[in-house]
Amino acid sequence: MSKRDFYEVLGVGRDASERDIKKAYKRLAMKYHPDRNSGDAGAAEKFKEVKEAYEILTDAQKKAAYDQYGHAAFEQGAGGFGGGGFGGGGADFGDIFGDVFGDIFGGGRRGGGPRAQRGSDLRYNMELSLEEAVRGCSKEIEVPTLVHCDACDGSGAKKGTSAQTCGTCHGHGQVQMRQGFFAVQQTCPTCHGKGKIIKDPCNVCHGQGRKQKTKTLNVKIPAGVDTGDRIRLSGEGEAGEMGAPAGDLYVQVHVKEHHIFERDGNNLYCEVPVSFAMAALGGEVEVPTLDGRVSLKVPAETQTGRMFRMRGKGVKGVRSAALGDLIVKLVVETPVNLSARQKELLKEFEESCGGEAATKHKPKAEGFFNGVKKFFDDLTS
């Protein structure tokens with residue numbers, strides 16, 4: 001059976017650049033790869049055909065011969081190139097698929113020998129009072145972690161000895177497995193990717209190069225932090241393997257509930273009780289802030305639930321120098337534990353206002369009852 005044109009196989013024109021050829025090859029190789037088409041003989045043939053076309057068209061000398069003579073250039077005795085299939089020189093699978101199959105099939109090429117594992121990151125949950133969060137503070141914490149073993153200087157080998165190069169992977173930490181025409185790199189099963197074998201392990205860390213320890217750290221909390229904020233302490237996580245960098249420690253902030261204030265961003269909220277008389281006649285009430293007490297003027301005829309904004313009496317955020325506001329909600333308290341005389345006076349006051357049915361001095365009641373009347377009128381109309 002005659003061979004298909006190599007340009008047709010890859011779906012590119014004869015003027016295609018090497019980049020276009022490589023792009024087409026990757027797409028088709030992924031489509032017909034045996035690992036994706038197990039037991040499909042047709043896909044295997046197409047994969048072989050695509051590979052052969054790629055090897056010819058990305059080799060300048062072979063491409064020139066193919067462009068001039070076609071497939072005849074690679075037949076026995078036609079030009080000394082030898083077979084144009086898988087057995088020829090061709091491209092290195094690892095170079096071609098390093099960025100494509102590395103994640104899909106685990107076969108991505110990794111250069112530079114074994115890679116020591118960076119230490120794991122750690123998290124510490126820290127509770128703060130509102131005052132501590134707003135003003136900033138320093139906190140001493142204890143963190144159980146893995147630290148560099150001083151006895152073996154992190155090598156894992158007993159003092160006076162050293163780790164030996166792994167004989168299986170020759171220090172690379174990986175071995176190459178071939179599945180047909182496809183090369184896959186895997187972690188070395190002997191040294192588990194470290195590239196070295198410890199024959200005489202350290203008595204302190206038992207060959208790990210790291211040991212358990214509880215570290216005491218002083219953490220500076222910046223002013224303005226809030227629940228959900230995270231403080232990163234670089235290099236304070238677990239020690240890395242074989243001298244690799246340590247991980248980081250993340251301090252997760254949680255601000256406890258306050259008995260007076262609620263915080264929303266840079267604003268603070270609080271409720272302040274006022275007497276029935278002050279709400280009706282007006283006056284002044286002391287309001288708490290994080291910096292001390294301040295006076296708030298209460299206008300006459302203030303209704304319960306009215307909000308007052310005290311500008312600049314909130315807090316500064318960790319990312320902003322602007323002060324928030326204090327939002328004060330006045331709550332009119334109903335008097336309790338009244339004496340007989342006090343009850344008498346209240347009854348006299350109620351009668352002076354026209355009794356329970358009167359709404360002249362009760363703006364909310366007037367609005368409410370008018371609304372109720374309209375509601376029932378609409379139902380019966």
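Note: Cβ is positioned from N, Cα and C throughout, glycine not excepted.
Some features that Swiss-Prot has for this protein:
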- Cys149, Cys152, Cys202, Cys205: Zn(2+) 1 binding site (BINDING)
- Cys166, Cys169, Cys188, Cys191: Zn(2+) 2 binding site (BINDING)
- 5-70: domain 'J' (DOMAIN)
- 149-156: repeat 'CXXCXGXG motif' (REPEAT)
- 166-173: repeat 'CXXCXGXG motif' (REPEAT)
- 188-195: repeat 'CXXCXGXG motif' (REPEAT)
- 202-209: repeat 'CXXCXGXG motif' (REPEAT)
- 136-214: zinc finger (ZN_FING)
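Locations of recorded Swiss-Prot features on the structure.
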residue	record	Cβ neighbours (10 Å)
Cys149	Zn(2+) 1 binding site	21
Cys152	Zn(2+) 1 binding site	26
Cys166	Zn(2+) 2 binding site	21
Cys169	Zn(2+) 2 binding site	24
Cys188	Zn(2+) 2 binding site	21
Cys191	Zn(2+) 2 binding site	24
Cys202	Zn(2+) 1 binding site	22
Cys205	Zn(2+) 1 binding site	22
Per-state residue totals over the zinc finger (136-214) - DSSP helix, strand, coil: 0 helix, 35 strand, 44 coil
Between Cys169 (Zn(2+) 2 binding site) and Cys149 (Zn(2+) 1 binding site), the C-alpha gap once rounded to whole angstrom: 26
Between Cys191 (Zn(2+) 2 binding site) and Cys205 (Zn(2+) 1 binding site): CA-CA distance (Å): 17
Cys149 (Zn(2+) 1 binding site) versus Cys166 (Zn(2+) 2 binding site) - Cα distance in angstrom: 22
Secondary structure content, the domain 'J' (5-70) (per DSSP, counts of residues): 48 helix, 0 strand, 18 coil
PLDDT averaged over every residue in the repeat 'CXXCXGXG motif' (188-195): 84
Beyond the site residues Cys149, Cys152, Cys202, Cys205: chain residues whose C-beta lies within 8 Å of the centroid, for Zn(2+) 1: Asp150, Ala151, Asp153, Gly154, Ser155, Gly156, Ala157, Pro201, Asn203, Val204, His206, Gly207, Gln208, Gly209, Arg210, Lys211
Cys202 (Zn(2+) 1 binding site) versus Cys191 (Zn(2+) 2 binding site) - Cα distance in angstrom: 17
